[in-house]
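Let me begin by presenting the structure, written as structure tokens, before commenting on it.
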Amino acid sequence: MYLAQIKAELQEAADVLDKFMSDEKNIQLIQDAALLISNSFKQGGKVLSCGNGGSHCDAMHFAEELTGRYRENRPGYPAIAISDVSHLSCVSNDFGYEYVFSRYLEAVGQKGDVLFGLSTSGNSKNVLNAIKVAKEKGMKVIAMTGKDGGQMAGLADVEIRVPHFRYADRTQEIHIKVIHILMMLIEFEMAKQA
């Protein structure tokens, strides 16, 4: 009944991944992002992650695998997903949703920390505001975007962009793959110092 559609969906997902992988720059950027985060941890820094909708879930997933574990039993790494419901509702009510992430960074972000911001469009106002505050505080910024990078293009120290223009879900599929690779590389890199 739906076999052709299922195969078409899987094929499109594979095609987007193949296109992403065929650009060597993307492979280098993933390594750069992993080293940036690992170096922050080695210097006593932390990573703060944020995004909206599915990207918010990916930001939480990234943080929990840093504080918990990915594949290896090892010490937890300092990571916070900006996802506290009381904070989000307070700032949304008192200042506006576009400030939910930047306000948190104003409170806890420090020089040497890393902001890991996700936006499939690259145009999420609250992530853009977080990038601005992170830069003002001397933090490093990793952006995971899609399409043409949107307004986030060129703002991050490392931008990993999935140049897919049809649907956000294809971009998110690559984002979660990249997150898992980052976890693997961070565990490799941090094990060197253990």
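Count begins at 1; order follows the chain as displayed.
Glycine too: its Cβ is placed from the backbone N, Cα and C atoms.
All protein chains shown were included, and the count of other CB atoms within 10 Å of the CB of GLY54 (substrate binding site) stands at 17. Annotation source Swiss-Prot lists substrate binding site at ASN52, GLY53, GLY54, GLU65, ASN93, ASP94, SER119, THR120, SER121, SER124, GLN172.
DSSP assigns HIS180 (Zn(2+) binding site) to a helix. Within 10 Å of the Cβ of HIS180 (Zn(2+) binding site) there are 15 other Cβ atoms, across all protein chains. What Swiss-Prot records for HIS61, GLU65, GLN172, HIS180 is Zn(2+) binding site.
Swiss-Prot lists 37-194 with the feature domain 'SIS', giving sequence analysis as the kind of evidence. Note on the domain 'SIS' (37-194): mean pLDDT across this stretch is 97.
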Quick one: of the binding-site residues ASN52, GLY54, SER119, SER121, GLN172, which has its CA closest to the CA of HIS180 (Zn(2+) binding site)?
GLN172
Just counting, how many other CB atoms are there within 10 A of the CB of HIS61 (Zn(2+) binding site)?
17
If you count, for each of the binding-site residues ASN52, ASN93, the other Cβ atoms lying within 10 Å of its Cβ, which residue has the minimum?
ASN93
